[in-house]
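The domain 'Myosin N-terminal SH3-like' annotation in Swiss-Prot covers 72-122 and is backed by sequence analysis. What Swiss-Prot lists as region 'Actin-binding' is 704-726, 806-820, and the listing cites similarity to another entry. Annotation source Swiss-Prot lists domain 'IQ' at 830-859, citing sequence analysis. Under the heading coiled coil, Swiss-Prot lists 888-1977, citing sequence analysis as support. Swiss-Prot lists 1946-1983 with the feature region 'Disordered'. Summarising the annotation, Swiss-Prot assigns compositional bias 'Basic and acidic residues' to 1972-1983.
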Amino acid sequence: MSGNKRGSRASCPHRGAECLLPWAALNLQGFQLLLLHPSATAMMDVSELGESARYLRQGYQEMTKVHTIPWDGKKRVWVPDEQDAYVEAEVKSEATGGRVTVETKDQKVLMVREAELQPMNPPRFDLLEDMAMMTHLNEASVLHNLRQRYARWMIYTYSGLFCVTINPYKWLPVYTASVVAAYKGKRRSDSPPHIYAVADNAYNDMLRNRDNQSMLITGESGAGKTVNTKRVIQYFAIVAALGDGPGKKAQFLATKTGGTLEDQIIEANPAMEAFGNAKTLRNDNSSRFGKFIRIHFGPSGKLASADIDSYLLEKSRVIFQLPGERSYHVYYQILSGRKPELQDMLLLSMNPYDYHFCSQGVITVDNMNDGEELIATDHAMDILGFSVDEKCACYKIVGALLHFGNMKFKQKQREEQAEADGTESADKAAYLMGVSSGDLLKGLLHPRVRVGNEYVTKGQSVEQVVFAVGALAKATYDRLFRWLVSRINQTLDTKLPRQFFIGVLDIAGFEIFEFNSFEQLCINFTNEKLQQFFNQHMFVLEQEEYKREGIDWVFIDFGLDLQPCIDLIEKPLGILSILEEECMFPKASDASFRAKLYDNHAGKSPNFQQPRPDKKRKYQAHFEVVHYAGVVPYSIVGWLEKNKDPLNETVVPIFQKSQNRLLATLYENYAGSCSTEPPKSGVKEKRKKAASFQTVSQLHKENLNKLMTNLRATQPHFVRCIVPNENKTPGVMDAFLVLHQLRCNGVLEGIRICRQGFPNRLLYTDFRQRYRILNPSAIPDDTFMDSRKATEKLLGSLDLDHTQYQFGHTKVFFKAGLLGVLEELRDQRLAKVLTLLQARSRGRLMRLEYQRLLGGRDALFTIQWNIRAFNAVKNWSWMKLFFKMKPLLRSAQAEEELAALRAELRGLRGALAAAEAKRQELEETHVSITQEKNDLALQLQAEQDNLADAEERCHLLIKSKVQLEGKVKELSERLEDEEEVNADLAARRRKLEDECTELKKDIDDLELTLAKAEKEKQATENKVKNLTEEMAALDESVARLTKEKKALQEAHQQALGDLQAEEDRVSALTKAKLRLEQQVEDLECSLEQEKKLRMDTERAKRKLEGDLKLTQESVADAAQDKQQLEEKLKKKDSELSQLSLRVEDEQLLGAQMQKKIKELQARAEELEEELEAERAARARVEKQRAEAARELEELSERLEEAGGASAGQREGCRKREAELGRLRRELEEAALRHEATVAALRRKQAEGAAELGEQVDSLQRVRQKLEKEKSELRMEVDDLAANVETLTRAKASAEKLCRTYEDQLSEAKIKVEELQRQLADASTQRGRLQTESGELSRLLEEKECLISQLSRGKALAAQSLEELRRQLEEESKAKSALAHAVQALRHDCDLLREQHEEEAEAQAELQRLLSKANAEVAQWRSKYEADAIQRTEELEEAKKKLALRLQEAEEGVEAANAKCSSLEKAKLRLQTESEDVTLELERATSAAAALDKKQRHLERALEERRRQEEEMQRELEAAQRESRGLGTELFRLRHGHEEALEALETLKRENKNLQEEISDLTDQVSLSGKSIQELEKTKKALEGEKSEIQAALEEAEGALELEETKTLRIQLELSQVKAEVDRKLAEKDEECANLRRNHQRAVESLQASLDAETRARNEALRLKKKMEGDLNDLELQLGHATRQATEAQAATRLMQAQLKEEQAGRDEEQRLAAELHEQAQALERRASLLAAELEELRAALEQGERSRRLAEQELLEATERLNLLHSQNTGLLNQKKKLEADLAQLSGEVEEAAQERREAEEKAKKAITDAAMMAEELKKEQDTSAHLERMKKTLEQTVRELQARLEEAEQAALRGGKKQVQKLEAKVRELEAELDAEQKKHAEALKGVRKHERRVKELAYQAEEDRKNLARMQDLVDKLQSKVKSYKRQFEEAEQQANTNLAKYRKAQHELDDAEERADMAETQANKLRARTRDALGPKHKE
């Protein structure tokens, strides 16, 4: 007995869900267990593990040896090492200069920086099972601990809250049944680290917390995730398996196979691994798909069911493998030959190299026996309940794919068409697939393609056929794998009650290969999201909960945010988004995809890099992504095709009709672009989008988002798998590789937060309930105490370290390990209580046993006394006599009585026999009569019951028949409406598809053009920037030269004033005249050089334009014509007049061409009418031909029935049939020719229009260039004329001065002495005048800058005010539209308004706070409202499948009824769990209080945000008022400075022109907005029609479906409205912020300008008169040039328009007209032939008149149907007209956008030309400045020489030298003339510089306006494109709904027929029953 007790004690721990139950709820068995087990084991006994012990925990001796190693804590450190990462070392000397001398274990002495040292842990911390217990936590210590444990094959180690496992690359005996039993129910701290411990912890948390759990097993590829996943599933299957009893019966009924549920869960892995695992370079058994396995448990924790979700199978591996890799295991298992019957069935050999699809890499795997694996796979499928047919079908598809890969094709000679190179493989594949080999090859080689409304057979090249074969193979294998998973789920779904689940995630690990493609990006993106989830859960949410609960905690940023990389991949304009966008464009390629990637991310995202050049790479990399696990180079080859995943839509219908039922099932739901039939009903798995729109990346993102949602709704448990080395060598650890994985996985950070934080927490109520037993006296029962106070009091009464826990608002938090201490104390307390209880119970039992023994003793005493008394008297003599006499006393009397009794007995026996015989006879009669009565009564009752039931059923059937007839009638009417709508929508869809294709092409062209314009604009901006910088440098040099020159001018003026009387001025002026003439000649030479430079520039520009136009059609002729025109227009102005004459002639010719064009258009319309008539005639002929064919068939049948006809009649029939065949062929040829003719006409018309457009563009460019050259030439002529006039005036004044100077020569001698004095004064005045001149020039420049700033400030202010006003109007419109939308919703308006305000005011500052609140709500709901979450998930799934469920209306009703019954069951189950709900309500109440508090905090924050917005609005209004005030002040200042601002009139006029252009653009934008509003109205109308259709369908589905659909639709509309509100509010906020910033900048600029204007006011007044003359001259010149330019532009524009109209259309229209005429004649000839043939047919028809009479009835019916079709066609035509109007409107908007784009291009080109001109002028000014510099130096030298000569002249004058004085005077006059000329030159140069400055500013402003216009055009194009996409989606949805309605109608019709048949049968049966009843009752009534 004691032995049994000990054994049972060891197997019943006191930890688990049972400990939570109160004592009163314990059953009898649990009570007896508590009595027998007084204590639980505190530590696992290693002996329980058997031979597995040494792989999990070292023995005592080994640990003692390790822990007692001598150690010096101050000197032992870790130092970095190049080989082992870190090595152990000893410090030899202290730090000197930041370096320390250390000695390693191998006697090496190193000098290491002190910062690189890491302290070692004492030896007693070696081989730690939990690395969070280390004293020194660093990389080296963690690596050392893992390395030591791995060397002893201990692969599992705890790292804080999660577990780290290292792949051993060998089998270890740590997964046996004894190990599973040893870990069952153990605490984590009691057992060695193991994956079983983590699984058991999750299982116990599920039972204890009543919450769903998940286990995330992550790591790189080859880290051992799959093996650990299998072990976890094995553990759950064994621990939570169903026991014996009723549950066993339920399990047997659920599984329906020989295998139990736990066996099936375990065997699901081998089946999926065979089809989904393969060998890679890093892993021999790599999972090439992801799976999330949910294991469901019942309320008691027993196994209930399971299901599997799979993610992203690597389909490309089916047809391609890298060297060193292998395809999926199932191929090689089948080819292993272990089951020879498979080879025979699949027609396969045993050599994998015979099959291309599976032999591109290796074919074997070390340590893997493919034959044994095949047996395991087959056994697993048997356990999972696969039938033999299902297995054979599965194997056949795999074998067919092998044959599929061996199909070979070759190119036909002299053709691009491919043909089959042998059909053996195709025949085998078709045989296994159950299809026709000929149809399969025909579908591959000649697929049918849909062109408009018809199908055309298309030829394929060899490459296209090979690609189609590969795509079909990949799609078939992928669908086979998904079917396998769904089939396994079907088996594992046992329908047992389930309450919780544990999800196990096994996803493909992070991969970095030499060749990384689209699959690697998806896999690595998934791992990136999972790592971010780990970081968020471990670090961010953990610390946020501390803050939320009020824990004293400082937030630690661990720097592990992976969101930038995730945003790079999945956000809008991310990698996947760009990939999806490219997949929508038909002309997209890998190159365009790569270009978009670099345009959007190169240099903008730190995680996106260009690939580094590496010669070792075998494959090209196009970009690199910085992932958390490393930098991965990706190759984008084939990404577009992989993402679109197209299929040959001719072969798919062949598969759908396959004899192989499994293959037909796989493609049952496929609906491509060529499919016309709706998908079959009754299938649960539906596609959410059409096949052409559902890309692989979209599907992967949706599945990944679902997975992340499921994970967030669970409590996660993390297991980190580590790859020890790249070579898969057991026992070898690459330190750097392991360190890299530890850093990426956040292992150190997880240990750190586990040590510093509070990883364990409990609600106060839970803690009080569980641990009150530790000190019951602390919480008395007779008084009420709050749970928190009770917890504080209880913990305070215990002997614990009070720093190890903290109290939050709702929970108590514990440091790591403290909860384990409390559990041990609780176990001890429970052991003590149970010991006392056992003692009392055993005493009671022993006392009862003692009382029983006492009663037995008394009974024994009584028996013993009686026996002793008998023994005492038995030998007494009298007693012996008594014994002998007593039997003899009555013997005689007894004999007499016995004889009498015997006689009486004989008499009675005779009477009894007679009575018995009579009684038996009567009883038999009675029984027979009674039986007959009962039989008749029962028969009567049965007949009456049958009659009543039959009548009742008859009534019910009649009622149901009436109802169904009404329903059918209603559905028939609705079907007719739907068919009409469907036909209309189909026509509209086809029309829109064509229009959309054209619009897409136009949009592509626009995008290319806009991109080119953007590049040109950027180049122009760069040029303008460079020119601005050069202008600034020139300004500085000119200012410096001006100052120096002015100083020289002052000196020379003084000198000239002193030498006025010199006679030599005449000769000096003559020399000056000659010099000026020479300068004129120099200027003419420079002008010629500038012309040459300009011609070179023009030639370069023409070359660039030619390069740009090479990509367009017919550009060579246009370029040649343009070049010829440019050469002609460059010669002289006289040629312009000749060109004008030619233009007039061309105008006349253009008018004539216009007339001809109109005539040709009229002729084209006539031809179109003739074509329509021809079509009608063709239709009539076709109809007559069909009738004739039908009549001929009837005649032939009758003739055969009559018994044979004559040879002549048969010959006539054959002739008629031949004639009919010929007629049919000719009709088809005529139709094809007609269509080709129409297409050619349209194509030629489009080409002509395009050529005309190109000619117009070229002529416009020529006109612009001519205008520019003309204006330049006129300016040059004016300049030359001005120079000539100046020279003439100078010559006249020089002659006059000669006479004057001759008179004054006598006075010169007297003034020589005075000149000497004045020369000294001049030197002093020169400095003063020089400073004044510099100051004046500076003031002048400041004035000009202020003027330009004021003008720009005004423009900016006006623009900002206008933009603000427009945005306010748009915002008010948007608000009114939103209010209308909110009123239309059937939802609570107040709730929607609150959501609107919350979403509107939750800006960037509160976004993080709101996300935290959402996370809190999700966490609370996931913990305490599991059932509600489950129902929410079901509603979400129902919401997503709503559109697809419309195809299964009746099935949906049944599903809804089933759902109602399940809800009723759930309601009953919830009622039984009222106690748990009460507890959860208490928790929820506390949680709600916390959430209310958080909500109040959020409301306060939102109120603060709202207040800030109001303040900002008030500031904006104040700024606007200030702006208006500043505008008034600016106007006043300008009024005061009108004379100073006259120079800006030209700028104002140009600004006015620009404003007019802006207003025009604004009007165009408003028109576009109106058109967009009209499109919105159309969209709303379509949405209204859609909602009406949906409402009608929902009424047919029933009340429950109606309510559910309304709820889901409202939720969808709410989410859409919410998203729209978010987007609009974000746009408004951004616009407001931009306006605020622009306004602030404008105000600051105006303020600065105002201050500068105030300072410069006085200086401007002084300079006003001086500037007046210059400004007037500039204004006159500019006005003259502007008028000339305007006139030239008008003339050139008129000329270009006329040339465009005449030159483009003349030849083309004539050619088209001729072709149309010829085609019309040909059609007429064909019509005459057809008419003759029709006459022959009529003759033949007259012979068959009798047959036609029999078909007249059918013809009448056909006529009625034709009338019906005619009415439908009328409706279609009306709808077509409406759609054409809509499309015309869209086309108009696109044309407007294109026109605006062209205008922007012209402006950009004009800006480029102006910039080039500015560059030339600047170069000229630079040359002039250089010349002036040289002249300056020459003049300085001359001045010095003049001074020397003047001194000599003075001496000579003193001596009386007259000749010397004359020479000096001549020299002075010469210098004076040169100075005047230089002054004029400088003035002209200064004017030119100022003009260029103004021109540069104008160009900059114009470039900015062009950029804004381009941005607006791009926005308009994007909006139009989005509209087109939305309309296309709407039409597709409408078409799908129409197909659904048609299917419903057919189903309802079928049900009606069935009901009618059942009603007829029931009525017949009822009549029979009535007759039988009357027949049975009739005789009885007569009796």
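Each residue, glycine too, has its Cβ placed from N, Cα and C.
Looking at the region 'Actin-binding' (704-726) alone, the prediction's average pLDDT is 92. Nonlocal intrachain contacts for the region 'Actin-binding' (704-726), taken as residues 6+ away from its ends with a CB within less than 8 angstroms of a stretch CB, comprise 146, 150, 159, 161-167, 169, 195, 198, 201-202, 205, 209, 211-225, 228, 282, 292, 309, 311, 503, 505, 509, 525-526, 529, 533-534, 537-538, 732-734, 737-738, 741-742, 745, 747, 1418, 1422-1423, 1429, 1433. DSSP labels the residues of the region 'Actin-binding' (806-820) in these numbers: 3 helix, 6 strand, 6 coil. Mapped onto DSSP helix, strand and coil, the domain 'Myosin N-terminal SH3-like' (72-122) counts 3 helix, 31 strand, 17 coil. Per DSSP, the secondary structure of the region 'Actin-binding' (704-726) breaks down as 9 helix, 8 strand, 6 coil. DSSP labels the residues of the domain 'IQ' (830-859) in these numbers: 30 helix, 0 strand, 0 coil.
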